[in-house]
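Here is the structure we will look at.
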Amino acid sequence: MTRKLFGTDGVRGTANTHPMTAEMALRLGAAAGRYFRPVGAGSPRVVIGKDTRLSGYMLENALTAGLTSTGMNVLLLGPVPTPAVGFLTRSMRAALGVMISASHNPHEDNGIKFFGPDGFKLSDEAEAEIEAILAGEIQPAQPGNIGRAKRIEDGRGRYQEYCKTTFPSGLRLDGLKVVIDCANGAAYRAAPEVLWELGAEVIPVGVEPNGKNINLRCGSTHPEAAAEAVRAHGADVGICLDGDADRVIILDETGKEADGDQIMALFAARWADEGRLRDGTLVATVMSNLGLERFLGARGLRLERTPVGDRYVVEAMRRGGWNLGGEQSGHIVMTDFATTGDGLLAGLQFLAAMAQTGRRASDLARSFETVPQLLQNVRYAAGQEPLKAPGVQAVIRDAEVRLNGAGRLLIRKSGTEPLIRVMAECEDEALLRDVVEEIVAAVRDAA
């Protein structure tokens, strides 16, 4: 059974355009409700969270209508981080969790992703079954079994209190000046409050959402404003989240960025020293830098690579029993604490390292020298398959021959946008540029 509607991170699209319409959200809610509440079953609960996009109101109401039509009782959380939905699904014994968000995308986009009762994102197989239900006639509940919906006020507070329990007991952030950039997104209240309650002096950025400014010149994909705040306020560190707070980028005291690879390297080394890194293994995607792999190997640790997407990182971690993984983009998954990437929890672990060692952020955020890496994205028209073009395939084969033994090449379609991502790594930067530019030109000609 294959998926057509679901991508690597749920269903995404432009708001009010298929599939992100009220009509589709209603049917998707009904299909998910029927999947999680077989005909004749009781009235299980669903938790629904969202980020701060204007279209979230529309999709929230449509999903609620679809879910209640199949007998599910809906608890509306309001704006909360994606990892909060995973946490609350499990802690509140819900049968299903739903997050309405397009993560780091602009406000015009939105998305819907589902969490199972264990708090983990659904498998490809479960999503395919929901699509199959969606394609048919969805049987509604009997009139007396229609579900109820209510808004709950303490969901965010429950998550915030849990976040604080993951911080080392007895450790405080007193005297530490922290810039926190919430991307005008889902964590705009939770993240500053948690940091302040742990003792930090907090300088908030991106905490004035208006429905249209999520990820706009702020957050993990646009950390310039946070970097300027770090320098202007003489802050010790900056933490940049994306719109749904499931990814993080760290800024040192000079405003310089550390991506997910550097964060994972620090955590892996520290956890290995403390005997906490299970089986000496870190799980990361094919996009992670070759320098990370070399750093781990020099310490007798292993890198397990997966396809791109934090869900595939989590699936590999669960299969192998490993407890640390993530993506270069800033998804950091720590299954000792959470069921999905959690930018705030990862930020807290970085701050704990600073507080425990007394070292500066710049010392901790540079664990290894990166191998030169070049990534370019090429947009293509709907219905096109540029990677199947003979000319593109010939250029790719030539690039593989030229890089053989000297570097690494990765070309893939984005799972969330109509983009071809062309990435290469090589110590020879001239060769690196030539290879990527030739492939990009060929893909553009075919797109």
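Residue positions begin at 1 at the first shown residue.
Glycine too: its Cβ is placed from the backbone N, Cα and C atoms.
Swiss-Prot annotates Asp242, Asp244, Asp246 as Mg(2+)-binding residues; of Ser91, Ser103, Ser367, the candidate listed for that same site is Ser103.
The record gives Ser103, Asp242, Asp244, Asp246 for Mg(2+). Within 8 Å of the mean position of their Cβ atoms, the other Cβ atoms in that chain belong to Asp51, Pro81, Thr82, Ser101, His104, Gly185, Ala186, Leu241, Gly243, Ala245, Arg247, Gly341, Gly343. In the three-state DSSP reading, Ser103 (phosphoserine) counts as coil.
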